[in-house]
């Protein structure tokens, strides 16, 4: 009998975290901060106003079950954006553009994958640090996974490139309007103060992120049994094309339209306050352009779109269930209690230790409050 431990399915892990959150609502004191509206209309907690609830309300297993569909409703913008992007990229793949692009990248970087990995990590980190892009990276996941499989690299390398770049960009944000600007305005300190320090540590952090991704890539290349994706089926494995087509004119036009689409998305985010609904519309429009440039029939376009959506249904389900964890904490009125409890010890230590403690607290809160601006409104008044 084998005693080897097998990691449960991600859905099981998330459901387990929801159950843990439910139990926590029975044990952790329920309380809340008084909130006020910021200039932008967002709710912001008022420091020093924490109070426990007069009469404790216990959530039941029924609340846990109903939290799941409510979580899907709360995360519908992210879920539908993921599905739309998956469908549109499937249309692009049907034109041969993705395979042609992969073939060209293999010609240039196939023998030096470390160069490609560094460039991707750096570009994602730069975008997140400057304009706060995050969900906009979803279209690149399938492309990078396909590229990594073609280069005989682990699929987790593709995810690592995105996550490392995104995390570093947000961690040492230079101009990110969703984190730095909001937090500094709440703290009433000069806007973008400390900019030069963050710029100075940006490149070293990118190098560290690249090092971690590259070390994992080499380790798996030398011993595939060490892959984090060993027992995870990758649907793109069977779709890999051994003979990649030449990058023809229509492929270049489609890639050019993709760049224009990204430029429009960045413009909308920066100047119009666009988010996932608007970005979803932009990508639907790009899908129509791709179908025309790729000379796909209406039926084939529809079939490819549905195939792409079906490939990401699992991801969409996981997003919805993950939102349920925070929903349970909010319904049980312990989210503010957790923030309050973690912030109390910081008032008894030196400023240097307090700064480290703030980092630890923000890291923990990333699990429950994945929004950068949301964290700023909840924690900055207390910090």
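We count from 1, first residue shown onward.
Glycine too: its Cβ is placed from the backbone N, Cα and C atoms.
Database features (TrEMBL):
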TRANSMEM  12-33  transmembrane segment
TRANSMEM  71-92  transmembrane segment
TRANSMEM  113-131  transmembrane segment
TRANSMEM  162-183  transmembrane segment
TRANSMEM  195-214  transmembrane segment
TRANSMEM  253-270  transmembrane segment
TRANSMEM  276-296  transmembrane segment
TRANSMEM  308-329  transmembrane segment
TRANSMEM  349-369  transmembrane segment
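Only pairs six or more apart in sequence are counted, and the transmembrane segment (113-131) with the transmembrane segment (195-214) gives three or more Cβ pairs under 8 Å, enough to call it a contact. The listed stretches are 12-33, 162-183, 195-214, 276-296, 308-329; of these, 308-329 has the most Cβ pairs under 8 Å to the transmembrane segment (71-92).
Using a Cβ-Cβ cut-off under 8 Å and counting only residues 6 or more beyond its ends in the same chain, the transmembrane segment (308-329) has close neighbours at 10-11, 14-15, 17-18, 21-22, 24-25, 59, 63-64, 67-68, 70-72, 74-75, 78-79, 82-91, 93, 142, 235, 335, 338, 367-370.
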